[in-house]
Amino acid sequence: MAQKPLRLLACGDVEGKFDVLFNRVRTIQKKSGNFDLLLCVGNFFGSAQDAEWEEYKTGNKKAPIQTYVLGANNQETANYFQDADGCELAENITYLGRKGIFTGSSGLQIVYLSGTESLDEPVPAYSFSPKDVSSLRTMLCSASQFKGVDILLTSPWPKYVGSFGNSSGEVDTKNCGSALISSLAMSLKPRNHVVLQESAQHATRFIALANVGNPEKKKYLYAFSIVPMKLMAVAELVKQPPDVTENPYRDSGKQAAGGKQIPAPQEESACQFFFDLSEKQGRKRPSTGRDNKPPHAKQPRKPPQPPGPCWFCLASPEVEKHLVVNIGTHCYLALAKGGLSDDHVLILPIGHYQSVVELSAEVVEEVEKYKATLQRFFKSRGKRCVLFERNYRSHHLQLQVIPVPLSCCATDDIKDAFITQAQEQQIELLEIPEHSDIKQIAQPGAAYFYVELDTGEKLFHRIKKNFPLQFGREVLASEAILNIPEKADWRQCQTSKDEEEALARRFRKDFEPFDFTLDD
């Protein structure tokens, strides 16, 4: 019998916003069921004394989940953490300590290192030193059977973690972050390996989180499931997703251990390159082989021809042209047949492409233009839009765009509904970076399901066997969102051609002020 995964939440800097955090956790647990632990990194306390914390400290308020936090990152909050070995701060809230290993009853092993990096002597109470990192490394790696840890918790980023990824635009990972943490991550068997150059090892996911309640509404809470490493079969543990990068710390470990200045790691000439499905996402380096010759420039591709009659190629006689509401250069918009609402539309390529992954650059550009325009259009009408694609048992790309009234629910509610229903149907729906390209994650011909929310957040499932064809509609039609479960199957929602023509005329008229195809 397979081991049941633990369900964990990870959180960025709380900075004293305890009610905001714990109210959010309660909402998530109410919708998605209970989680086992909440792990908090960064500044748990704010720099000023807060009456809010007193409510938790005295027991008037209680955290809704067992919460483990790291220690201080500055002098102002160091007084909250009197015991270097860790202690209970309030009911359900535990300070792990300055450094160490936490092993749960399930066998889950978490290595933690509190504070910021310091090479000074004496080391401040809110910092860690090369000696701290060395002692952790010795504690763990001296065991003959050591093969890695489940989770490494730190407040600073490891230096160079973004070496094989696109810049986030906010954090320079080559000049910021901690070289000591890079060294520690290297020693703790990070789940990266150089493809085709060494035997398979487990893969690591790097998660970076924003401050709780930040005004930009960036992600500060991350939910994930994990089976403790010690309970996994080796074959299962070393399975390589087709999205991993090379190890960004490879050239830095030995030098960091001695506290030396570490040069940026050189990119190795690997035969293949894959992408990490974690928070900060990468550009793809060309696979040039070992001779380092530049790749040939790609010529523009003509869209492939359909193998037979196609319902969505615009030139096809099978297309129900009365549903077409807007035509661009490479794409067109059409009302969905049997739509979830009167303004449920599809973005479709004019030529025959099976999925987003196979689109040429100029078609992708127009798809993005349609997405942005539809967002503005629906926002002007008090709605947010949800987009999804199912590249499974379909022959022509259909990007479903479904408007959801702002009064119905928040974006987080929509996201939670997708994740909850996916878990109930044992579908692994992974969150991918907002600015990632789906082409980095799925290869041409691969079956997948993909959701994009109005915030830019994206969810992705790689379809391996069977997949419920109406999954996207079922989630959006559910009581949690549109509350029209009877419309989950499009075949139950069809109307007459006259009604469809009337809806199409109305949409064209309403959309005209936003129509970029009318621009000179």
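Every residue, even glycine, has its Cβ placed from backbone N, Cα and C.
As written in TrEMBL, here are the features:
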type	residues	note
DOMAIN	302-407	domain 'Cwf19-like C-terminal'
DOMAIN	425-517	domain 'Cwf19-like protein C-terminal'
REGION	244-263	region 'Disordered'
REGION	280-306	region 'Disordered'
Per-state residue totals over the domain 'Cwf19-like protein C-terminal' (425-517) - DSSP helix, strand, coil = 36 helix, 13 strand, 44 coil
Let me know the model's mean pLDDT on the domain 'Cwf19-like C-terminal' (302-407).
-> 91
Do you know the DSSP helix, strand and coil residue counts for the domain 'Cwf19-like C-terminal' (302-407)?
-> 26 helix, 30 strand, 50 coil
